[in-house]
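Have a look at the structure below, then the notes.
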Amino acid sequence: MSMTAQKALQRIVEHREILQDEMVQLMRQIMNSEVSGIMVAAILAGLRVKKETVGEIAGAATVMREFSRKVNVQDRTHLVDIVGTGGDGWHTFNISTCAMFVAAAAGAKVAKHGNRSVSSKSGSADVLEALGASIELQPLEVAEAIGCIGVGFMFAPIHHPVMQVVSPVRREMGVRTIFNILGPLTNPADAPNILMGVFDPDLVGIQVHVLHKLGAERALVVCGRDGMDELSLGTTTLVGELRGGRVCEYEVSPEDYGMAVSPISNLRVESSAESREMLLNVLAGKPGPALDVVALNAGAALYVAGVAQDIGHGVALAREVIFNGRARNILNQYVAFTRRPRNV
């Protein structure tokens, strides 16, 4: 039986689940502009109140992947995305963006998917522009950057143009919806390994099972007990790990990796310019909480990418490439690559 918007809404208001294949049908209709804005808003709000299930999220993400402009990375060995949902409210500098250059310098291939700021002071796209990089790379150029340098940034509006269909509704609603957690699940390069930060501990188990359904090989989904959508220095971090087809959950703390506990306030910024300054200080090897949190998250990325044996080994590799200048060199190469003359 086909799933219509009306049937879906009826199911939702009765607090009944939409099955994954039904969600695929529904999302295709939404993305093809076959559902009115009023119905889209009602469905999104209803899902939020009911709480989205693993199958519903996986079905929606499947369709977003179908409609995306793909990045074809030839050598997928150690290919990883480092991404967060955002929305944690802490306004830290761009930790995952800094970590991508560190992870690439240590041997991973990073296909980072991101956007401008929505709720933070500086989104990944914003800080990359502040660093002098162009964020307007087309899919072939991103693939070339990953192949040549080991890192590429995929600006969400370029790779998900169909999102314009729901943008007016989301903007007018002004509340979190399923789309806030779909972005990190829809990497256009289909990176088989992923380090994902989420803003809510309840999402750790959900998102790691969604990634399993979507065919990820390895994944770490993390949320600090302080609500940070990264591995946190301020407290323990809840981790959901997918490896070998199995999912497990555990906690890690900064002390596990020889790091001092440090309040998140030490990582806060007020603008992209401040985030840029903190990021460059890290890549220059300036000791402190910012360097520690980048090493911790880059270390986790190196582990999930299969470069490091465990997170601790990854942290050691991350520190090495920060202090020997290789991570800063990767940043410089990437900025130069994005600014080169392009054929029109």
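In case you wondered, yes, glycine gets a Cβ from its N, Cα and C as well.
Fair warning: this is a prediction, and the values are worked out from it, not measured in the lab.
Annotated features, as they stand in Swiss-Prot:
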type: BINDING; residues: GLY84, ASN115; note: anthranilate 1 binding site
type: BINDING; residues: GLY84, 87-88, THR92, 94-97, 112-120, SER124; note: 5-phospho-alpha-D-ribose 1-diphosphate binding site
type: BINDING; residues: SER96, GLU230; note: Mg(2+) 1 binding site
type: BINDING; residues: ARG170; note: anthranilate 2 binding site
type: BINDING; residues: ASP229, GLU230; note: Mg(2+) 2 binding site
Which binding-site residues from the set GLY84, HIS113, ARG170 come within 10 angstroms of ASP229 (Mg(2+) 2 binding site), judged by C-alpha positions?
GLY84
Shortest C-alpha distance to GLU230 (Mg(2+) 1 binding site) - which of the binding-site residues THR92, HIS113, ASN115, ARG170:
THR92
Just checking: which of THR92, SER96, ARG116, ARG170 have a Cα that is within 10 Å of the Cα of GLY84 (anthranilate 1 binding site), counting only these binding-site residues?
SER96
What is the separation, in Å, between the Cα atoms of ARG116 (5-phospho-alpha-D-ribose 1-diphosphate binding site) and ARG170 (anthranilate 2 binding site)?
16
Got a sec? Which of these binding-site residues, HIS113, ARG116, ARG170, has the most Cβ atoms within 10 Å?
HIS113
What kind of secondary structure is GLU230 (Mg(2+) 1 binding site) part of, going by DSSP in three states?
coil
Take the C-alpha atoms of THR92 (5-phospho-alpha-D-ribose 1-diphosphate binding site) and ASN115 (anthranilate 1 binding site) and report the distance between them in angstrom, rounded.
16
In whole Å, how far does the CA atom of ASN115 (anthranilate 1 binding site) lie from that of ARG170 (anthranilate 2 binding site)?
16
Take the C-alpha atoms of SER96 (5-phospho-alpha-D-ribose 1-diphosphate binding site) and the residue listed as 'anthranilate 2 binding site' and report the distance between them in angstrom, rounded.
25
Under a three-state DSSP reduction, the secondary structure at HIS113 (5-phospho-alpha-D-ribose 1-diphosphate binding site) is strand
